[in-house]
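Asker: Take a look at the following structure, please.
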């Protein structure tokens, strides 16, 4: 899978997975540089480097990054063990940049800027291949598996969906990647015209203009592109650089970037519903016969005549739904239209309760006027 | 075709098994790993060990790549979210013939008998019945599927089954190439032999804080107790006949090995004593049946709640609070005042 022209690694006779210096199976190599997050800003590291995801002989998946240089062995500076479904790769809004994201621990997020020649590998394929590798699978076998399952019909959809740790359709994420990329014009490709063609027979000429669509020769060894550091600085707008003439460039606010990445992971402040609807606060009301009559139709049929409402509040199943309700609400993922509420000022529980209060008052006002 | 994650709970798994058409099998959670506790639940068809998954561990014993040669039904796990269902099926498909699998699983077992592990796994993932039963335990979500992030409590658990098949103790892990044999055993001594095997696996994780649980697939205690009660009643009847002076069919006096088999005692006093003993046993059995019935009802209620969408309930409750002017203090509370 590696396109590194200066590859020092062993290739097994007769084919098979590519092995690294310690016998590890190389799942994928991606040429890229680091971006370091310092406080609120992101500072790119100019050095040429390579991200490697490999499977060690003990079976654990490793994520490494290190510099690459002609004639030198690859010596990673960073080496992390990654468990399946622990991390995910995504492109971020800045052109050519991506993150290895850890949903369970944002402090582990790692940012990179791509040093792969433009158009060499389609973004969607890169995301899919890196994510397969992060789960300990070689991209080829992940592809084969997908094909096998498609052949057998229904299972194909289930398998692909199942590999998506968030449980949602893979299609939605691929779409997000496409959208992010459409918005960008790769700053790195502007440096492509400086790349020398090493061997005109074996290697395609790197186009001067940014390539559109997949490179049909992907899979052939391509020499590493010379990175246009100027273009990179312009794109990322690191602190301390001379003011760039590229419109729109400026210091990136890492917090804003993280927020954009996290998207729905951002949570509104304040207590959850189960903190507000405590047995102390609402127990008496739940015991009232009048309230019970009003709410009976919303209970499961089998429980309508028997369920004690105060007891219901204390059950793990109800508490779990309250929690998920709060999570959906506070992360902005709740469909408020189902309650006849329009998306309001905020997503906190207090905002939600206020919106309901208002809705009831308006209705009562309306009723009063009709009398 | 999606498979959703489901809760790892014995009540969920028991109902799941029933919905797949199986009769007389129950899942119980184990809180200690010792032969005594396991024997108390006998007959035990298999054990399920669940833990947080680490990729690519080396198998602990040689992996058999040709499962069918040892008579083991082994299916590769194809669907990530169906770990638990897969482990349960790997036990059910290897159970003795006395376990009633029902039509769907019985057909699946026969149909896939000659398939290799991967095809077996795919056949399972293609089963509409199994998928529907599994997904029926999906928790109602208040949000759009595409927008859903990994919810805070989603863990990546993996499930491994242990059971005796054809005189060997097997570890059945759908993510490995084949079943792993842990030596010979009998249906009787496997419970003792499996404890150290699982114990050593637990010790592998002792240094890292890995959560794990243990569950057992057992013969439904209620069914076993009802069978026992019937036997007690039958023996009581015979005792009563003897006490009344009638002759008893000698053919029935067979020593089957439990306290209800064997010849009736002779002499009126002995028979009376036996009747009293049997009354006591009947009472114990009835108590057990009642306890199991209550547990089943509790599990039933929990599953009804799990599957019910309480959002309309919550929303309407909040509206009622607003109408009764009781919402304001809660809003203040939510603002931290």
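Cβ coordinates come from backbone N, Cα and C, glycine included.
Any TrEMBL annotation is an automated prediction that lacks curation.
These came from TrEMBL, pasted as-is:
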| type | residues | note |
| --- | --- | --- |
| ACT_SITE | B:83 | active site, nucleophile |
| ACT_SITE | B:158 | active site, proton donor |
| DOMAIN | B:2-219 | domain 'UCH catalytic' |
| SITE | B:77 | site 'Transition state stabilizer' |
| SITE | B:173 | site 'Important for enzyme activity' |
Asker: For residue B:83 (active site, nucleophile) and residue B:158 (active site, proton donor), what Cα-Cα distance in Å is obtained after rounding to a whole number?
Answerer: 6
Asker: Do any residues at least six apart in sequence from residue B:77 (site 'Transition state stabilizer'), in the same chain, have a Cβ closer than 8 Å to its Cβ, and if so which, in order?
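Answerer: B:83, B:86, B:121, B:174, B:175 - these are the non-local Cβ neighbours of residue B:77 (site 'Transition state stabilizer'), listed in sequence order.
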Asker: What whole-number Å value do you get for the CA-CA distance of residue B:173 (site 'Important for enzyme activity') and residue B:158 (active site, proton donor)?
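Answerer: Their Cα atoms are separated by 9 Å.
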Asker: Could you say whether, by DSSP, residue B:77 (site 'Transition state stabilizer') belongs to a helix, a strand or a coil region?
Answerer: coil
Asker: Can you check how the pLDDT averages out over the domain 'UCH catalytic' (B:2-219)?
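Answerer: It averages 85.
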